[in-house]
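> Pulled these features from Swiss-Prot for this protein:
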type: BINDING; residues: 8, 58; note: Mg(2+) binding site
């Protein structure tokens, strides 16, 4: 069952400016494994990669319902490339499935994240709440 959906959009020019200033923003936003992939890219691909990862993390935080901050940090969400280049997103704070997509052109980068609850999640929470309430069937 779908828990929530998040979408984020960012201008390529904004990301290009931070890439041109060095690796500070990339180190803040990317996990160590994401940064390792980022380092090997051309300048143009660095802009697309960093913008895409930033947008995915923002979209995840919107799907989570909080935005980036205390509940969701940049380190909580990681998106790595597969051999084919497709993004695979994981999170250390969400155990369900994460579906993600990144699209970009010369002007905009857009990311969409869909969070799917773990199988049986609602039933398990219901049972736990029932047990904690001390009510008998």
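Note: Cβ is positioned from N, Cα and C throughout, glycine not excepted.
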> Could you tell me which three-state DSSP class residue 58 (Mg(2+) binding site) falls into?
helix
> Provide the number of Cβ atoms within 10 Å of the Cβ of residue 8 (Mg(2+) binding site), excluding the reference atom itself.
22
> Identify, in sequence order, the residues in the chain of residue 58 (Mg(2+) binding site) that are 6 or more apart from it along the sequence and have a CB within less than 8 Å of its CB; answer 'none' if there are none.
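The answer is 6, 8, 10, 67, 68, 111.
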